[in-house]
């Protein structure tokens, strides 16, 4: 199957012109050939074949050169010469100066002027007048069609002049629009900084307040402040991004990055939001997905954060899953693409509402979204970013059932060798999986069984005793996986039950949450934070089976190490509230913080003292963050 032409080539004006040129060539061949066959034109067949055969070779050469050199100014002028000479020779071949082919002169200078600018308009107009005059002279028809010829020549002079005036007005209007967009961008950038500075103070102070002793009512107030501040911060980001896209000042910066690391970071960042709502957040990446991909990592992160945040926002119970896999570009097979899916069990969207989902400032239903906040820009930004990455976004949803968003992107990495992930490393081992979420349980079981492991799975506590009896009869376990749930599970009690029946030295991998860390002093207990990737769990299992158990983690040694070395931090921040927030957070993890109120003061402190790390505000009085960095380096 032939690969489709790249989008950049299809948008190339020289490629478009080459295709149109061949289309006109085909029309001229048929038109003049039919005229000759019906004796309407007295055409010499030898000249006819030579003219159209020769120009076909020239036109195909121009088209082919675009593939090797998409932009080439010399080719544009050469093509202009080919177009005008071909038009003139068609008129000469038919021996009719009052010919429909005269209209091609007008098409040529309008086309070149519109596509490439005023310089090409002048060249096309001048060459058209000279070429038409030469044809008139060669055919000796000045006297026969005097009035028509004068009118045609005047058209070749006046129409380009009129188009030149229009192009100049259009150019001036474009300059004005660019200046306006630039001024708007500067204003938005400045206002964003001015808005975010106090907003960061509110968010930081509310976070510090959360860590103090509060009664339930006070905690509710603080949570409301933090939630409102987070919504406002996201709205500011969305408005700024949308403004950049509208001004066409938005450039992608692709680079190689680890897709699994990106998924892990995003999932952990939003895991607290899911846990607060009692929702299971699931993260999975198919093993066939390349390790390294070449996209704009920051913008892909923004797309996924938008989709995941919306999924969590409109899901009150159940689960939200972020997954990546490979899919065929077409159903018939052949080339593959990257397919990223965000699935939820939320309120869903009707078919009528899906048609408007990606419009600016639109949300699915005022009654269902009024309590969630937002301007409805996230989906719009997601679609625009996806299109910039030459991809596509789609949604499938049913009210009351949930929604599935899919991002399709061209594949930019090397698919790993199947031998790397299909090896049966765990042949002969047996495990028990306790996980109340069926989807997570299936993912764990599938990953383990593909590598040869035999697995027992349990999703309810009341099923545990029957499975344990079955395990005892068949010879025991190598290890068990016991997972916490958003609603809370007594995982230690489950662990004790397993060890009472299957041996006190049974290795157990506990799956818990960052905000609700599990702690167990048993030497055969191990921990992994949810949401996790299958590759992380398999790596954990591999090390466990290889050496029996991890060495006991010496927390006392860690604390002594942290105490023995204190990190010196330079902080440059002109806003006192933000400075206090950052200073408190850094001091809380054992850092010694030195505060500078502007760039010059920070530079002086950096020259006089030794610092391990510096936090520098980008915009400060006297010397900004960029100037500080240049001076330091």
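The backbone N, Cα and C atoms fix where each Cβ goes, glycine too.
For 190-413, the entry in TrEMBL reads domain 'Histidine kinase'.
Summarising the annotation, TrEMBL assigns domain 'Response regulatory' to 568-633. Under DSSP, residues within the domain 'Response regulatory' (568-633) fall into helix, strand and coil as 31 helix, 14 strand, 21 coil.
Taking Cβ-Cβ distances under 8 Å and a sequence separation of 6 or more, the neighbours of residue 617 (4-aspartylphosphate) in its chain are 572, 573, 574, 575, 624, 625. Look at TrEMBL and you will find 617 tagged as 4-aspartylphosphate.
Under the heading transmembrane segment, TrEMBL lists 20-42 (among others). Below 8 angstroms of C-beta separation, residues 48, 52, 55-56, 59-60, 62-63, 79, 82-83, 86, 90, 93-96, 101, 104, 111 of the same chain, each at least six residues beyond the ends of the transmembrane segment (20-42), sit close to that stretch.
Taken from TrEMBL, the feature transmembrane segment covers 48-68 (among others).
Summarising the annotation, TrEMBL assigns transmembrane segment to 124-143 (among others).
According to TrEMBL, the transmembrane segment annotation covers 149-167 (among others).
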